[in-house]
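Everything below concerns the one structure shown next.
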Amino acid sequence: MILLLLCFFVTGVFPMKPKEIYVKAGDLVVLHCGECKHDGTLIIWTKETDQKMHLDSNMSASEQQQLGLVVYQNSLVILSASVNHQGNYSCGPLGNTSSKMWFMLTVCPKQSEECNIRNRYNQRCYSGQSCTLHCPEGFIVAAEIPRMKSYEPKWYKESGELSEHYFPRVSLKESGIYICTRSFLYSGQTYNTSHAVVLDVQKGEDIPNLGIGSPKDGQVFEVELGTKVEIACKALTGSCDDSLFWTRDEEFLDNWDYYKDPCNGSEGTSGWITTTLVFREVSQANLSKNYTCKFESDKLTQFVNIVLSKKAQPSYMMLTICTVSIAVLMVVTIVIYVKYKIDITLFLRDKVGFKVCQSNTPDGKSFDAFLMNYKSVTDGGLSEEDRKYLASTLEDQFGYSLCLYDRDVLPGQAVAEAVLDCIDESRAVILVPSFPDPELGSEVLSAIHASLAEKKTRLIFINTEQMEASTSGSFPEALQLLSKAGNSVTWKGGPPSSSFWKQLRYHLLAPQQAPKMGLLEQEF
């Protein structure tokens, strides 16, 4: 009191009643100057001793660490309270002595009964009802202090035994003193602060499950900056006189930051009350605040804490990656197919039994292909030995049923008629250049050109390297037309696994595995 009178005579301003704060030695404590909102004004802290010590946020980190303090905005944090920190403190804006606040800090020994009594918080629950112990926030504002990390509180019974803080159906025997310990990490050191909660469990009544129904404790609301957001807190109450309100960082809100709906209950019956938190335009500062909806009645006190989180913007990175990956996969697939389409088609046909782009319906044909010779305009035609190798490989190695002129057509039949019959009974025609001149000459080609075009018979035109070197103008007109209508394969012979055989088989349909029959036998 003498100190307060002295301040009045020196400054001409009588200070307000100091706020008494009791803290156990070794605990962390925060002194907060004014409201939580900080407008950037430099706050000066003064410890009222014979030699006044002035503190502010401009102090170097080493000076603050040496004193065991953290000065940030309008908060003074004593990391580990000791008797050296005990005393009277004042704070206020620089140059404004009329707006000072006063604190009287008392540091008690760890086993001090006075501190235990003064730092107790009462909470009432009713047997048979759910009960959640709430750790008093006190003046802890670790979320606002850079490089300070807070941990979830731990609960202990007065005996030191670890305890739960939620009781689904609390009983009378749960009454007692519970210690809530909070831990904070700062500059590699852990600091603690403890509060005692006296739980008073009273005999419950057969009443509805009163209390806050929504939102849920710890619920996170995703919001967009600059938009209007309303969050309704709804509670079931036994009387419209019960209280339901919002706080921000443990401070009451301005009237325009919330509104209340009329209570829909009547005297003696339960009803719902709603108080809605209003953000007319969500700002970045709102995201760092803690909002609490508190319900108070003569039978229950309940807290629900919520936080705001910035809604994640839609990311197109994954969509872009997927699109590019699909495009690359399609390009690679196309390139592989174009390069290996013959091998892929033959693999599916031979190993898997899949006939690509072919109908499984029988077409009534007796032969897979008609092997027809024509006179080569050069000396590069296939010899008789090569023609026999071609026929035997297709039939014996690959199972094709071939119509051969010298085998399936009886002597005496007209050449043109016999050729047309072979074409009609075959699913494809293979034109083979022959040297020396075979029995079928180039004059037959003109007679069958129209038939091939009409029936749309599959045509494979075998060339030789000598024929490719010659000009197309040296070919007969009918041969030129046929070569343009069919698929061309260059004869290279070789084993059945060579590229020539793969290309030839690719242009042919898969063998139908039907029994081979001669044309003349069918006529009889």
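Each residue, glycine too, has its Cβ placed from N, Cα and C.
As annotated by TrEMBL, signal peptide applies to 1-15. The domain 'Ig-like' annotation in TrEMBL covers 15-91, 208-309. Taken from TrEMBL, the feature transmembrane segment covers 316-338. Annotation source TrEMBL lists domain 'TIR' at 365-508.
Residues of the domain 'Ig-like' (208-309) grouped by DSSP class, helix first, strand second and coil last, total 8 helix, 54 strand, 40 coil. Residues of the domain 'Ig-like' (15-91) grouped by DSSP class, helix first, strand second and coil last, total 10 helix, 31 strand, 36 coil. Within the model, the domain 'TIR' (365-508) shows a mean pLDDT value of 77, rounded to a whole number.
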